[in-house]
């Protein structure tokens, strides 16, 4: 059985899919929104789960069941159309939805910056409005056509101002500005009583206008009688006294024939009825006024008989002047003379108008009165006189405002929501005439206006179709040429240039990836395979479905409805609404809630769209691709296994049987080879379930030589997964070796651990050789042991090696027991003659040693040279001895030692009977005395305060100071008092380091001390009691704040630390050791890291340990290479610095003379090893060589040529070393000349000489290799990284040092406090943000820090003055005498004094420095040092030790990029962030290319162009300089050079394309940038890794536009695609290794660890 590692996927490419590609992916169109039939539970045909499209639901069976079985594979059923294949097809087969209208892709529209908007030069808001068929709110004037002339308008047509302006450009017509009526009062009521008259006319805009006239009239009534003749007509004017009716005589009536009369008194008529024999008809006479009938009713009369009396009608004279009005009931007969005769009695009137009112009413308003109707004041005349929003011309407005003042208001502008459209095509002549361009957004009304003026010459659309048409019309090559031409004319820093560069980037990306812009608008929508969006039947016959199905259903339903509407030719407004809803549905399917309102389910939960499925913690990337589930794994509670060896674990039998099942079955099946394999497996599986004894036997056999992996979550570093040899045990819990608890951070209070079984021989080999717990004793974070004894083992060893308090006082001659060897002592102990802690004399290696038997026992397990018979071993002692064993004897001996310590520790912890009671917490009698003294001091401070000698702040600080000192005194005294009895159990625990510390002891037996309030400020009142005595109520209350804050912090800390680790891992995940040596001569200077408040962050010893020298180390004073006298090791370049070297170099210092005078013999061919210069001027034939000229070979040559034999010189042996004293003062002791860790240059040496300083202590200058200066193109090299701290050997190629660094920094993250300490001024620092927030602040290079900003020195110099006026200022004089002024911000304190020497980057005040400013002023080296110092400081303060190289790796990634300022002639764009190494490489290539220009010009003459060349000429036109396939001639070449074409693509003889440079190119100019870790992760070149980190949608959008290819260089990318990571054994150089599994006896395996 063999296996080898080969990576199969070389790269992953992501692009924008064209509609054709989407259709090609698809196996059929999804036409219905149905999913599963509720009766048959089978997928609906053409639905979202259709078997015809996505494949069969049952393995190898079609939908109708006609074809079933693997033999029919590939057959398409003619009945149901389903292809017979595996049901796995439902995981990979796509469908698609053919959209009835195009739809924009939300990622390309709502990205930042929006790709579509950038390409079209439109705003995202406009595009969104167009895509969503929206409108634009417009405020504008309105006009009314008053004279249309020869236009299609009619009088009264209403136009908006913009419409009018458009029409007015071409047509001649007259308009009047319109006023828009608002709030007209209604109804219209009469102001007076009177009679109504209605008139009607037309306005000048041909609109109807009604006049309601109400007249208030006084009337004189005159009666008129039948027969009277009226002298005046209706409406005639009369004057008082005029005769209206003249006097008239009325004759009597005589009967015309014989007959009978009927007299009707009511109607005042007489009717004569003729006799029956007569032929006459009846005649009726009206009786005039004043005439009487002379006959009775029914009386017979003769012809000629008088029937009535005669009378005279008097005249009627007008009593008043006025207008004659006839009553409506008056019955008149016109006479020939034009007058009227009254036929019936009635009345006429003389009217006088008292009042008249006119009411104009506009057309359409309902009138409520009739002509002639009488009305009262307040009666309604009409519903209204004007309608709301009625538009009036100026004349109309004036008319109405005259008649209705204050009864309505008008606005001159109208506010409207107008649908907007975008111009998709326009005739160039029209464009020039109107100034409208393609892509301009206009309102629908404006578009209609343009269409009427320029029919067929302008096109506008709305919706996604408009965007699609615009994108289709983009010629990317032309656009690129236009942008390039414009960029040449404008300054690169202008806003326009930045905008153009963004656009240029997108255009270039689209060209390079061969993507058509219109593909960003979807025509077909892919439907993901149904198994990725399943439906599951739940109880009650209902179905639970994935949100995606709901979103797809909504799209399909809307799409189908739109298709129907289009077929029916539905009105545009309905179609538009449906298109908008379709766009919304697709948007929400892709990214729910990005535009508009998110879709939610019935519980109000937002539905998960495609974007949500891939982004975030629960998304596809992080949950499924980076976090995979593991087969062959189990999980159980852990218990301690004290009997185990360090590389063993106890595995419960049942669990092992389950894990190793296939192996056990394989072993069982080897015995018999009869039945078919399938049935055999079933049979053996049953045996296993029955727990057959044979199975246990085989399990024992199978388990031999195999290791399992144990993992405890959270997996914070690589030690959280280790390999162990399993030992089968009874029970259900995994047994864990106690010493591996620290790396796992495990305890036995219910923790659970997971077991994983590596299957292949390769995996087993890797687990055994690299992951076995015995090889993981040393931590890769700091190189010290991590698998360490703790708790009872430490207590046991301490108890074993401790002594009585009088031990030191007993003289050897007074000791009773003396032994010749340890065996004798053991015998005496066994027989009870001596006790463990009794002093004895014992002979060891021929030496008599005073010790105790306990110490003899413990030393017997140690390597001989590490034994110490006079030492009590606590936690640190054990750690030291373990570390020394590892250094001298290697990892295997260390593992054995740890096991021995464990056994001894447990044994003697048991024997000690360690237990504690309340009495063991003893309180020192001196405690009260100390507190009383403190109280007195406090009283004094109070008195000073009361006298006004101290301010509030000063009093507070002094109080805090006193109580802090007191608390420390009480702590020390309590510990001393407890230690008087070394066997006190509490003391044993604390002193040994097994449990607890002095601080806890102080609280239990001393005093609790000062507490902080909720804001973090220290409370002045201390807690004087301890827990043994009990707290008072006030004390208890004070202490609650801290306790509560502690709990809150812990909760916050965990998540913050986890997130920090995640970002750190992401930023360095691809950093792997890629080569043994990058060959760089750069390095970093080893220095003592001190913070601004003189807190030593790191000693030189720790700084250089585990590194490789970058330069030789020279001995100060002699210039020879430094040699370690203890080991005879020379410190030349490439030497690895181990522990002992680091100690030697850090402690090495030497007093060296500042200056020495000497004579240089020029006849000997040497120049001094140290810096030297001429002591006097020397005249030579070639000229004067002045004194103080440095002596080098040039000077020596000149002097020899002048025949000079020897010269007087000054040697400065101190130059090139580093000051090792604290401070060197000038002769007046006012000014510091040199400070510790300052490099000595010539200027400083001379300054020391001037101040008569003869000699100083210096140390050699040490430069070590660092990842910060590594020049490997990918990853880092082994020499720059140095030692692999987990084994103290130079790191191997392939080690994933990035992830180790991130884990080393992230793992202790939870130990860092969240708290911002407010120390109340005890500490020398101001209130500095500490803990996790500070680390994050630095890694994220925050622009705003929580602390006030401090200032730093930009030069090397001396503080000459500090002015205290506001604002304070610090003045620094540099070495050349220049003065630099620094203004001190208000919230910080000055940290320097006058006369103090400062170095560049040194903090002058309290507060934190802005890292970006350091980078700008002092460059990347100082920035890296500051970051390292500040980040490391937080960890050191919390007692966490992490090697610098881990921080440096992160800082390297933060400083790895530079921002392009001027791209020169490269593909980069200004603002691009590019790795420094790449920029340097590109610039190098440009310089090399520039050298070949002349040669290339000659080469291309006579060759064919492989690509056409287009440029923009001086007139702004795009022209083609040369066509594809054209031959390059001298003339063409000159033309190309004239137009500044720098590169041409030529066809070579093999018809392949080659690029030739024909003009020199400009290099890239850039500036170093500091990236915060989040940004550094996102700027990572591989898109897969960046997408899986954060802002997934943004990263994928950008990558798709670019057509980005991920070459899978990092670790994450390879995990995502499911192949071996390019690190460790997966690194390329190991890829061909073959692993063979040879049958080996378990015995041999055991012997190795025996």
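If you go along the chain as it appears here, the first residue is 1 and each next one adds 1.
Placed from the backbone N, Cα and C atoms, the Cβ positions cover glycine too.
DSSP assigns residue 80 (Zn(2+) 1 binding site) to coil, not to a helix or a strand. Feature annotation from Swiss-Prot assigns Zn(2+) 1 binding site to 62, 64, 77, 80; the stated evidence is sequence analysis.
Neighbour list (residue 747 (Mg(2+) binding site), Cβ cut-off 8 Å, at least 6 residues apart, same chain): 741. Under the heading Mg(2+) binding site, Swiss-Prot lists 747, 749, 751.
According to its DSSP assignment, residue 1277 (Zn(2+) 2 binding site) is in a strand. The feature Zn(2+) 2 binding site is assigned by Swiss-Prot to 1078, 1270, 1277, 1280.
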Among 62, 77, 1277, 1280, which are binding-site residues, the residue with the most C-beta atoms within 10 angstroms of its C-beta: 1280
Top Cα neighbour of residue 1277 (Zn(2+) 2 binding site) in the set of binding-site residues 80, 749, 751: 751
CB-centroid shell, 8 A cutoff, Mg(2+) site 747, 749, 751, site residues removed: 638, 746, 748, 750
For residue 751 (Mg(2+) binding site), the one of 62, 64, 77, 80, 1270 that lies nearest, given that the binding-site residues are compared by Cα: 1270
Reduced DSSP assignment, residue 751 (Mg(2+) binding site): coil
Non-site residues, in chain order, whose CB comes within 8 A of the mean position of the CB atoms of 62, 64, 77, 80 at Zn(2+) 1: 51, 63, 65, 66, 67, 79, 81, 82
Cα distance (Å, whole number) from residue 1280 (Zn(2+) 2 binding site) to residue 749 (Mg(2+) binding site): 43
Beyond the site residues 1078, 1270, 1277, 1280: chain residues whose C-beta lies within 8 Å of the centroid, for Zn(2+) 2: 1075, 1077, 1080, 1265, 1267, 1269, 1271, 1272, 1276, 1278, 1279, 1281
By Cα-Cα distance, the member of binding-site residues 62, 64, 77 nearest residue 1270 (Zn(2+) 2 binding site): 62
Residues near residue 80 (Zn(2+) 1 binding site) in space but at least six apart in sequence (CB under 8 A): 51, 52, 62, 63, 64, 66
Inter-residue C-alpha distance, residue 77 (Zn(2+) 1 binding site) and residue 1078 (Zn(2+) 2 binding site) (nearest angstrom): 64
Local Cβ density at residue 64 (Zn(2+) 1 binding site) - other Cβ atoms counted within 10 Å: 14
Local Cβ density at residue 749 (Mg(2+) binding site) - other Cβ atoms counted within 10 Å: 5
Chain-internal residues, separated by at least six, CB under 8 A from residue 1078 (Zn(2+) 2 binding site): 1270, 1271, 1272, 1276, 1277, 1279, 1280
